[in-house]
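Peer 1: TrEMBL feature annotations, pasted as is:
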DOMAIN    583-667  domain 'RCK C-terminal'
DOMAIN    668-754  domain 'RCK C-terminal'
TRANSMEM  33-51  transmembrane segment
TRANSMEM  71-90  transmembrane segment
TRANSMEM  102-123  transmembrane segment
TRANSMEM  129-148  transmembrane segment
TRANSMEM  160-186  transmembrane segment
TRANSMEM  198-219  transmembrane segment
TRANSMEM  309-330  transmembrane segment
TRANSMEM  342-362  transmembrane segment
TRANSMEM  368-388  transmembrane segment
TRANSMEM  434-456  transmembrane segment
TRANSMEM  468-489  transmembrane segment
TRANSMEM  510-531  transmembrane segment
Amino acid sequence: MSMELSPLITDLALILIAAGVITLIFKRFKQPLVLGYIVAGLLISGYLAAYLPDSIGQYIPSISDSENISVWADIGVIFLLFGLGLEFSFKKLMKVGGTASITAVTEVISMLVVGFAIGYLMGWNTMDSLFLGSMLALSSTTIIIKAFEDLKLRGQKFTNVVFGVLIVEDLIAILMMVLLPAVVLAHASLGVELLESIAKMVFFLVLWFIAGIFILPTVFKYIRKYMNDEMLLIIGIGLCLGMVVLSVKTGFSSALGAFIMGSILAETIDGEKIEHVTKPIKDLFGAVFFVSVGMMLDPQVLFDYAGPIVIITIATILGKAFFSSFGVLISGQNLKVSMQSGFSLAQIGEFAFIIAALGLSLGVTSDFLYPVVIAVSVITTFTSPYMIKYSGNAYEAFNKILPARLRDFLNNYGSGSKTLNKDNTWKKVLKSNIFVILIYGVILVAIAILSVTYISPFFQENIGGWQGSLISVGVTVLIMAPFLSALLMSKLKTKNFQTLWNDPNFKKGYLISLMLVRFLIAALIVAYVIFMEYTSKAGLIAILVIFVIAFTLWSKTLQKQYTMFEERFLKNLNERSESKLKKEADVSDLENIHMDTFDIDPDSPIVGKTLAELEFRQKYGVNIVSIIRGDQRYNIPGGNMRLSAWDKVVVLGTDEQMSAFQTEIEDHSITPPEKEEDEVVLQQFVVEENSPLLGQQLCNCTIRDKSECLVIGVERDDDVIMNPDGRFTFKEGDVVSVVGETEKVRALCCVISE
């Protein structure tokens with residue numbers, strides 16, 4: 001009796017063997033593995049065999065069941081997005097700053113318009129043009145990271161800008177995958193249905209994030225001692241697929257669910273470990289996905305659409321380079337950083353494939369669009385390393401042809417001084433209040449929906465009449481009570497709020513308006529719950545609403561409950577960051593100064609030497625601001641500190657200084673600083689006419705010894721003096737840049753300002 005093997009097994013074997021062989025070749029020639037997977041898919045797709053003589057083509061194996069491979073590819077997308085979520089973190093999104101956000105939005109909107117215009121001018125239909133614009137709008141994280149590593153550029157200032165832009169683009173990509181189906185299915189490109197889809201998405205995103213952060217870290221805390229890598233893998237994948245099912249059930253894509261669960265787990269202390277144990281699974285299914293992308297490449301389509309491919313490729317490279325550079329520039333960076341960042345983003349990749357597959361699955365895009373976009377991605381993947389490598393040369397050439405006045409303006413753009421104690425308190429109060437309204441508003445709306453859907457029908461079915469309605473409202477309000485109290489009272493007793501309230505020059509109308517908005521939202525939600533039970537009794541509804549609001553305002557018990565909820569939520573949210581020793585390197589815009597963290601390799605020649613012996617500042621102009629050794633962190637280390645193997649050294653300097661320093665320590669890895677908690681910052685202050693520094697030499701000020709801060713630069717008139725020596729004398733109007741721990745820098749600036 002012969003044994004028959006399922007086509008699923010034979011196809012999977014063919015995919016993995018082909019992918020393994022081709023990627024080995026690509027690895028040998030230092031090409032991105034993603035391209036290897038695509039080429040492998042092309043070879044086994046059956047298209048290649050069709051163009052060869054039968055005597056040769058019959059010996060080329062091909063996939064027998066493409067539907068099964070489609071399922072594997074869908075799983076690949078799920079794990080790719082889950083892995084992306086684990087690397088993403090909503091906290092990182094909130095900390096990437098204005099440069100990344102402005103650049104990403106500028107690039108995405110501009111390329112959406114460019115892509116749509118190209119499709120329209122070539123006579124394509126509206127949906128093909130819309131999806132083309134969406135595909136061109138997003139850059140490839142995979143390709144950019146690979147290029148930075150190959151060119152040894154990670155750690156330069158522009159690479160940190162690019163990483164920030166990619167974080168924002170990741171979220172925009174997720175939004176696109178949610179909104180594009182809404183546009184297609186509702187036929188509402190700018191209609192009410194689209195706005196409803198956006199509101200629904202925001203609601204569920206916030207709700208899932210709150211529930212996940214409130215529950216998962218606590219659960220992991222209790223079961224952590226029982227878990228090993230195997231159990232963590234199973235639990236992580238189970239949670240991922242569970243959220244995928246929930247996301248699809250609520251009308252969203254499976255990719256969104258995977259991404260959300262990944263981002264929630266990223267905030268737990270086990271996030272890194274989950275990312276580590278699930279990486280092989282992600283790599284396996286990711287390979288299957290990219291091979292399936294290659295299988296969609298029909299060479300005949302590529303020949304037929306060679307003209308559009310060339311046009312779209314040129315538009316992608318030039319358009320993304322220009323608009324990304326422009327976005328970085330208007331966000332406050334100088335011309336060099338802007339052009340280097342913009343040239344780095346001039347390609348498309350994995351998200352273009354996912355969006356193209358989405359269009360096919362919805363049945364709204366033409367068959368030719370997928371291979372056309374893949375071809376553009378392949379070409380831009382090859383050109384991307386050269387765009388990055390020669391971005392500096394492009395800057396030098398462009399800089400030379402600019403008029404002198406414009407050149408000086410662009411090169412100095414964004415380098416204005418930022419002095420301490422100029423925070424906008426009103427913006428902080430407004431931001432915290434919006435956060436409260438969003439978080440507690442979503443929770444209360446979710447409870448209201450739960451009440452109408454489940455609580456009210458249950459009591460009406462089992463009790464009925466006015467008694468059932470009263471109990472239903474009572475139970476719902478009881479559940480809502482602590483969150484109503486939080487919506488009405490939270491953040492109204494903070495220092496910033498009280499400062500503005502007591503400031504006679506500040507218009508209290510702004511604060512009162514905020515309080516009224518919170519009151520109205522609470523009243524509307526309560527009124528909705530009561531109205532669903534007593535539809536025709538307006539007076540009763542008004543009385544009950546007033547009673548509920550008054551009760552929540554004056555109840556000390558409820559205030560304690562929402563305080564406990566907030567503390568628990570924030571503790572869980574910050575659990576991972578508090579467990580890390582890497583602290584925030586909050587860098588100002590002083591020229592090209594920035595911070596990065598270097599790992600000291602055991603074989604490095606600097607191991608065992610003191611900082612005084614190494615003379616990094618004298619040789620390369622860099623400053624060692626922190627040394628992280630095991631569980632200890634040494635900020636502003638002295639010259640007698642010796643470097644040990646595996647030390648993490650936080651270094652401050654320019655791109656050029658970093659490159660020189662990189663050569664000195666030889667084999668090392670560079671990790672972009674993660675902005676977690678305020679620890680080491682770079683700030684500026686102005687030497688006023690009554691400053692104790694006025695007329696003093698740096699060596700006599702004992703700033704380093706007494707304040708444990710380091711002076712790394714002084715701006716005087718139009719000059720910037722980097723690393724001033726001990727004989728440097730301070731003058732009125734000098735803008736002094738110091739680096740040190742947050743509180744010590746603030747204390748120093750307060751003393752200087754007195």
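Every residue, even glycine, has its Cβ placed from backbone N, Cα and C.
Keep in mind that what you see is a predicted model, and the values were worked out from it rather than measured.
Just tell me what is around each of these and how deep it sits.
Peer 2: If one looks beyond the transmembrane segment (102-123) by at least 6 residues along the same chain, the residues whose Cβ comes under 8 Å of a Cβ in the stretch are 129-130, 132-139, 161, 165, 168-169, 172, 308, 311-312, 315-316, 319-320, 323-324, 326-328, 330-331, 341, 345.
Within the same chain, residues 81, 84, 88, 92-93, 96-97, 99-101, 103-105, 107-108, 127, 130-131, 134, 137-139, 141, 144, 148, 193-194, 197-198, 201, 252-253, 255-256, 259, 324, 328, 333, 337, 341, 344-345, 351, 354-355, 358-359, 362, 364, 594, 596, 672-673 sit at least 6 positions outside the transmembrane segment (160-186) and bring their C-beta atoms closer than 8 Å to a C-beta of that stretch.
Sequence-distant contacts of the transmembrane segment (309-330), counting only residues of its own chain at least 6 positions beyond either end whose CB sits under 8 Å from a CB of the stretch, comprise 99, 102-107, 110-111, 114-115, 118, 122, 132, 136, 139, 161, 165, 302, 337-339, 341-348, 372-373, 375-376, 379-380, 383, 387, 410, 413.
Tertiary neighbourhood of the transmembrane segment (342-362): same-chain residues 34, 73, 77, 80, 107, 127, 131, 134-136, 138-144, 147-148, 158-159, 162, 165, 169, 173, 176-177, 180-181, 184-185, 253, 255, 289-290, 293, 316-318, 320-328, 369-370, 373-374, 376-377, 380-381, 383-384, 387-388, 390-391, 394, selected by CB-CB distance under 8 Å and a gap of 6+ residues from either end.
Sequence-distant contacts of the transmembrane segment (434-456) (same chain, at least 6 residues past either end, Cβ-Cβ under 8 Å): 203, 206-207, 210, 469, 472, 475-476, 479-480, 483-484, 486-487, 490-491, 517-518, 521-522, 525, 528-529, 532-533.
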Peer 1: With the transmembrane segment (368-388) as the reference, find which of 33-51, 71-90, 129-148 contributes the most Cβ pairs under 8 Å.
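Peer 2: Per the Cβ under 8 Å count, 129-148.
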Peer 1: If you average the pLDDT over the domain 'RCK C-terminal' (668-754), what number do you get?
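Peer 2: Summarising the domain 'RCK C-terminal' (668-754) by its mean pLDDT gives 71.
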Peer 1: Report, as numbers and ranges, which residues of the same chain sit near the transmembrane segment (33-51): CB under 8 Å and 6 or more residues beyond its ends.
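Peer 2: Contacts of the transmembrane segment (33-51) (Cβ under 8 Å, skipping residues fewer than 6 from its ends): 14-15, 18-19, 21-23, 25-27, 57-58, 60-63, 142-143, 287, 290-300, 349-350, 374, 378, 381-382.
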Peer 1: So how many of the residues in the domain 'RCK C-terminal' (583-667) end up helix, strand or coil by DSSP?
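Peer 2: Grouping H, G, I as helix and E, B as strand yields 20 helix, 29 strand, 36 coil.
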